[in-house]
Amino acid sequence: MMVPLLLSTYFITAVYGATHTFHWTTGWGNRNVDGIKERPVITCNGEYPWPDVRVAKGDRIEVYLTNGFNNTNTSLHFHGMFQRGTNQMDGVPYLTQCPIGPGDTMLYNFTVDENVGTYWYHSHTDGQYEDGMRGLFVIEDGENNKNFPYEYDEDVMLSIGEWYDTTVDVLTRKFLNLNNPTGAEPIPQNLILNNTMNLTWEVQPDTTYLLRIVNVGGFVSQYFWIEDHEMEVVEVDGVYVEKNTTNMLYITVAQRYAVLVHTKNDTSKNFAIMQKFDDTMLDVIPKDLQLNATSYLVYDKSKPMPEQNYVDSIDDYLDDFYLVPMDKEELYPEADHVITIDVIMDNLINGVNYAFFNNITYTTPKVPTLLTVLSAGQDALNPFIYGTNTNTFVLKKGEVVDLIVNNQDTGKHPFHLHGHVFQTILRDREFDDAKGEKPHSFNDSDHAAYPSIPMKRDTVYLNPQSNMVLRFKADNPGVWFFHCHIEWHLLQGLAVVMVEDPISIQNTASQHLTANGLQVCGNVKVPTQGNAAANDSDFFNLEGQNVQHKSIPTGFTKKGIIAMTFSCLAGVLGITMIAIYGFSEIPEPEIKVMRNLHLNPEDVLEKTSSSSVISASNSSSLEDSRNQKKKFIFF
């Protein structure tokens with residue numbers, strides 16, 4: 001099945017003006033997205049895919065999101081938006097808002113006055129965006145993108161991702177399960193491009209395209225290349241960069257790249273557009289899993305479609321660490337606040353495999369963290385009130401923060417920080433467990449020199465068993481998530497919270513929940529005041545807060561000791577009963593059986609007695625032997 005690009009983008013909302021208003025209602029419908037299997041997907045106003053949105057810098061966005069599900073909450077996050085002064089519009093349940101209950105409507109209302117470039121939006125609830133609740137979001141730099149720093153002829157959006165043939169709720173029940181003790185992530189069935197497979201992109205010769213590529217998947221990073229065509233990277237995650245030419249991109253989930261592609265003058269041949277799984281992220285590779293997906297760059301649709309394109313090596317992809325921002329912003333000063341977090345994956349006492357930062361798996365509070373900030377007064381400066389299982393750090397206004405992430409896990413992790421772009425000032429190499437290498441934590445006295453002009457973006461990958469250092473300024477008051485964007489790992493709890501300049505949040509009217517936001521809370525019966533335990537009379541009393549399951553204890557517990565004791569007693573009693581049975585007299589029915597078989601009971605007994613280490617002596621008569629056994633039993 002080949003789908004032309006124009007069919008995949010017909011649902012783009014491309015309007016210009018001061019305010020853009022959208023009314024979206026969630027629902028379910030059956031679609032055959034990958035051309036192989038029909039399955040339920042999340043629809044928008046009964047349609048699928050969700051609309052891609054294109055606006056201009058300075059425009060206002062109004063999205064009325066109605067939850068059309070019968071029994072499931074929902075939410076909407078505009079990925080990469082700074083939301084300066086409008087933290088309540090960031091769309092994270094139990095962090096910046098209450099979940100939107102069935103039948104309810106929430107208005108997301110904000111202005112895009114700082115962001116430009118390539119973004120996307122998605123549900124931030126229970127992995128729903130893997131079921132299709134997502135779309136691309138482009139903010140042009142001035143009307144018709146007139147302030148974009150590079151020349152091009154046409155602007156094209158491409159979303160890439162993986163696709164499952166089963167809904168996320170079913171997969172999650174199997175994933176977060178004691179029968180999956182290693183935490184093996186569900187394996188996707190296919191790779192998709194613009195919500196389909198075998199896409200055709202018809203191009204004009206000698207034309208420069210601005211190609212915006214967004215990985216809207218929830219798990220696997222992808223390699224992306226176009227046969228016999230170079231790509232010039234000009235933007236990453238909304239940050240303009242100096243041109244950097246490459247033949248291949250490595251794109252983690254949630255990352256965005258804008259590249260310039262110049263087409264050929266010759267129209268005699270069509271070319272392959274290639275996607276490839278990063279199969280190192282898969283615990284197992286099923287025999288029927290196709291690791292590559294082929295779409296088509298078409299100069300002449302009357303010509304044959306190309307075969308899939310192979311490359312000599314997938315290691316020759318662009319390393320985004322070395323990209324240079326066009327604004328050439330220098331390395332921020334030495335950090336005022338250093339936060340070190342260690343990534344581990346482990347099991348808790350319920351047998352389920354979880355993800356941890358510093359041995360804490362993120363557990364939602366009873367009161368959304370932003371509402372705790374707004375109701376806590378000066379106590380908002382103390383991270384304790386936000387709960388012992390939210391991994392919350394309080395940042396002072398304007399301080400430079402170093403976020404050191406040590407990966408004790410053997411897998412890659414793409415990390416995303418809400419409300420900011422950060423400078424990636426260090427990313428160590430992979431340390432390969434298969435080669436016997438151990439996890440390598442950051443060493444402040446022994447590391448590579450930081451770049452003078454670091455790369456900036458909002459989503460970056462961390463190598464296996466490695467470390468990285470992200471530096472950013474606490475210049476955007478709000479409650480911001482930092483989390484792994486592998487959706488399975490977020491469901492496992494791989495997240496921390498940054499409460500940034502809480503007193504400024506309290507003193508800014510636009511940071512307070514609207515009447516609609518408070519009504520949403522009331523409808524799902526979520527408290528709007530108090531600490532993580534919903535205690536609004538004593539913010540330092542966390543009794544009743546949500547907490548993670550207990551760790552698996554080391555050594556023997558009381559239950560284990562008792563179980564072992566009774567097991568040993570049962571074993572001793574069992575051996576004793578066997579011995580007693582062995583020395584008991586032969587029942588008359590058994591003697592009759594022996595005689596019917598022409599066996600002498602005395603001979604059988606003599607052989608049995610001579611082989612027993614317990615017997616006192618061999619007997620010459622059956623009666624003597626019986627008497628000995630009776631005495632033994634009596635004893």
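Positions of Cβ are set from backbone N, Cα and C atoms, glycine also.
For 18-559, the entry in Swiss-Prot reads topological domain 'Extracellular', with the evidence type sequence analysis.
The Cu cation 1 binding site annotation in Swiss-Prot covers His77, His416. Under DSSP, His416 (Cu cation 1 binding site) is assigned to a strand (E or B) in the three-state scheme.
Annotation source Swiss-Prot lists Cu cation 2 binding site at His79, His122, His485. Over all protein chains present, the Cβ of His79 (Cu cation 2 binding site) has 25 other Cβ atoms lying within 10 Å.
Annotation comment: Swiss-Prot describes His124, His418, His483 as Cu cation 3 binding site. For His124 (Cu cation 3 binding site), the same-chain residues lying six or more positions away in sequence with a CB closer than 8 A to its CB are Ser75, Leu76, His77, Gly91, Val92, Pro93.
As annotated by Swiss-Prot, domain 'Plastocyanin-like 3' applies to 382-501.
Under the heading Cu cation 4 binding site, Swiss-Prot lists His413, Cys484, His489. Classification of Cys484 (Cu cation 4 binding site) by DSSP places it within a strand. The Cβ of Cys484 (Cu cation 4 binding site) lies under 8 Å from the Cβ of Ala355, His413, Pro414, Phe415, His416, Leu490, Leu494, Ala495, each of these being in the same chain and 6 or more residues away along the sequence.
Annotation source Swiss-Prot lists transmembrane segment at 560-580.
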Helix, strand and coil residues within the domain 'Plastocyanin-like 3' (382-501) as assigned by DSSP: 12 helix, 50 strand, 58 coil
For His122 (Cu cation 2 binding site): intrachain residues, at least 6 apart, with Cβ closer than 8 Å: Leu76, His77, His79, Gln128, Tyr129, Met133, Arg134, Gly135, Val216
For His79 (Cu cation 2 binding site), the three-state class that DSSP assigns: strand
Rounded Cα separation (Å) that holds between His483 (Cu cation 3 binding site) and His489 (Cu cation 4 binding site): 9
Count of other CB atoms lying within 10 Å of the CB belonging to His413 (Cu cation 4 binding site): 24
In the chain carrying His485 (Cu cation 2 binding site), residues 6 or more apart in sequence that have Cβ under 8 angstroms from it: Gly218, Thr252, Val253, Ala254, Pro414, Phe415, His416, Thr459
